[in-house]
């Protein structure tokens, strides 16, 4: 038998036990469970324990059945004899054995250290051999065999002790190290992780729990089973069980759910919900800043000051940049009298302005009275001595008022062209801007420039932008108005400067501005009458080729209520229509088209309207026309159409035969009846269930007209001749509403009775509208009335429509 074989057979490596890790934790590291270098000193302590316990190996006797005759350990030439006596069987004395025990040391469990033990035993035998020079080589070999057999049996008995179960053995250590290395190298290999956990569970179940809960490795069902087994072995499962004393709920279902996810390879979710397990507590930190009220107030004050300073700096820098930019354009930074800045007024002088851009009184038509007064002002400027020799003074201000489009600005342009003096003009909205004080400064600049060129005229268009009644919340506008009041009639007299202004809303102007001394003359520019409309049409048609059928007087009579702007638009639309059609001259048909477009709106020929809707619209408009033809005081019909125009599906237009300055009660009641004609016709022909929303605008107009008659004109017997304010008492408002409803119901009944009497004419006119779509007044009369009766009815209607209420 070889030496290595003998060593392998004698060296016992018992399995590790769990208690060894509990008793001697210093021998193992927490991560890899490898043996520490401190184990060597522990081995020395074990050796001293064995020595103190007087451990001695049992005597070894060699018998024939123990040693073969052909053994390598028995020399062939020796005179060894096998005997049965006790003395002959005793190979080593007690003294020699004690000396060998004293020199014996345990160094380790590795094979290299066992070789060291052989060397120590050999040294002991050599010392014994020196003492007994007579012993032979054969006895030394037998002594070694007996010694190793005794050591083997002693180690087997010692290893059975629990407190020595920590003995490190290289084979199991290397196996664990190999499994740990492979598992760490492949964290997503569930098979390797399961094998490692199973091996650790045999020796260190606490390590299984720790490794599993680190969540750094993928596990399968085997790993989960090993984890549960470790929890049971270490009694860590009690952390997830309910506790009736403390009221702790059971977290075992959450644990099992988590293990189910872990078995599927999910490592992202938390192991257990925070706050359920003691290992995963829910940490709550209470923050209670100990800041006094004074400190908090100081902090808020400092932050507010810093924010205010920052905003102020940004505002100042922005204003400076804007001022610099405007100054570079000739604005605020470079203002001054005579400069090209926005403060400098615009001057219009006939000597420096081309003649084509200047209007004269020859271009002003339809307002002879206003033009006459302005001609007197121009004459005063041209020849002041003619008026001053009798003590007359130049008027300081002239205010032009009137409806939009009547020619107020045109009159100012005519004065600029007629007068031989400088003409300064500004719009009311040009005074004010984003900076406070700009308006007042521009007013001063305007009058300073005018003083240097007196006598002159200053014209302010739309003066209500700055001259309206002063209000508390419009401080910047008040400053501009105050400066204007001072310049017009203040402490310093401005001789030779006439201020002209135009506005559509004279009622909202400040009384201080409209008083004598500032605006001495108030000139109203009304809408033109028939003669004025004829003059305006001749002016705009001048220079345009016209056909022989154009009757300017007829157009003027057929456009009551048109102002100068409307007539200019009419001629322009007709000219465009003629150009589109390729006509060489303007015809009456084109002028009539322009008139209808202004009065009735643009035709919508492409709009799809169903036959039922057309039929309903035809009867609706026929009801209006029948009532207008058979009601005293109603305006003559201009046209009736079911062609969609603007937002309406059809309409009946009426134009007064003469210019109206006031309206009688009969005419107002006739308007109410005409408004009700469409709704009553729908009800009579189609029934109450088929009336439509087409009459909503008619009812709205009728209600407003009845309200106006009762509350403003005093045309109600129950209310009396009283003008009701905007906010009457509740009792008065109830009485007004009752009278309005009464007027509307009476009109409804009158129209219903009238249409029942003329139902045949209603059907005839509706069928004609369905066939022709548009009918003029002559067409309607020719269809419904005989020729003589139609002429007689027209004369009677015009007589009844004359003015009866001044």
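Heads up, the Cβ atoms here are built off N, Cα and C, so glycines get one too.
Under the heading active site, Swiss-Prot lists 621, citing similarity to another entry as support. Sequence annotations record features per position, and here Swiss-Prot assigns ATP binding site to 402, 403, 404, 405, 406, 407, 408, 409 based on sequence analysis. Taken from Swiss-Prot, the feature Zn(2+) binding site covers 620, 624, 698. Positions annotated as compositional bias 'Basic and acidic residues' by Swiss-Prot: 106-116. As annotated by Swiss-Prot, region 'Disordered' applies to 106-130. According to Swiss-Prot, the feature transit peptide maps to 1-63, an assignment based on sequence analysis. Summarising the annotation, Swiss-Prot assigns transmembrane segment to 301-321 and lists sequence analysis as the type of evidence.
Features recorded in Swiss-Prot, as mapped to the structure shown.
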| residue | record | Cβ contacts under 8 Å, 6 or more apart |
| --- | --- | --- |
| 402 | ATP binding site | 408, 504, 524, 525, 526, 527 |
| 403 | ATP binding site | 504, 526, 527, 563 |
| 404 | ATP binding site | 504, 563, 565 |
| 405 | ATP binding site | 563, 564, 565, 566 |
| 407 | ATP binding site | 364, 366, 367, 525, 563, 564 |
| 620 | Zn(2+) binding site | 650, 678, 681, 682, 692, 694, 695 |
| 621 | active site | 640, 641, 642, 650, 651, 652, 678, 769 |
| 624 | Zn(2+) binding site | 640, 652, 674, 677, 678, 681 |
| 698 | Zn(2+) binding site | 675, 676, 678, 679 |
### Query
In the structure shown, which of the binding-site residues 406, 409 has the fewest Cβ neighbours within 10 Å?
409
## Note on the structure
In three-state DSSP terms, residue 402 (ATP binding site) is classed as coil
### Query
Taking the center of the Cβ atoms of 402, 403, 404, 405, 406, 407, 408, 409 at the recorded ATP site, which other residues in this chain have a Cβ no more than 8 Å from that point?
502, 504, 525, 563, 564, 565
### Task
Could you tally the C-beta atoms, other than its own, that fall within 10 angstroms of the C-beta of residue 408 (ATP binding site)?
25
### Summary
Same-chain neighbours of the Zn(2+) site, Cβ within 8 Å of the mean position of the Cβ atoms of 620, 624, 698 and not counting those residues, run in sequence order as 621, 623, 652, 674, 675, 677, 678, 679, 681, 694, 695
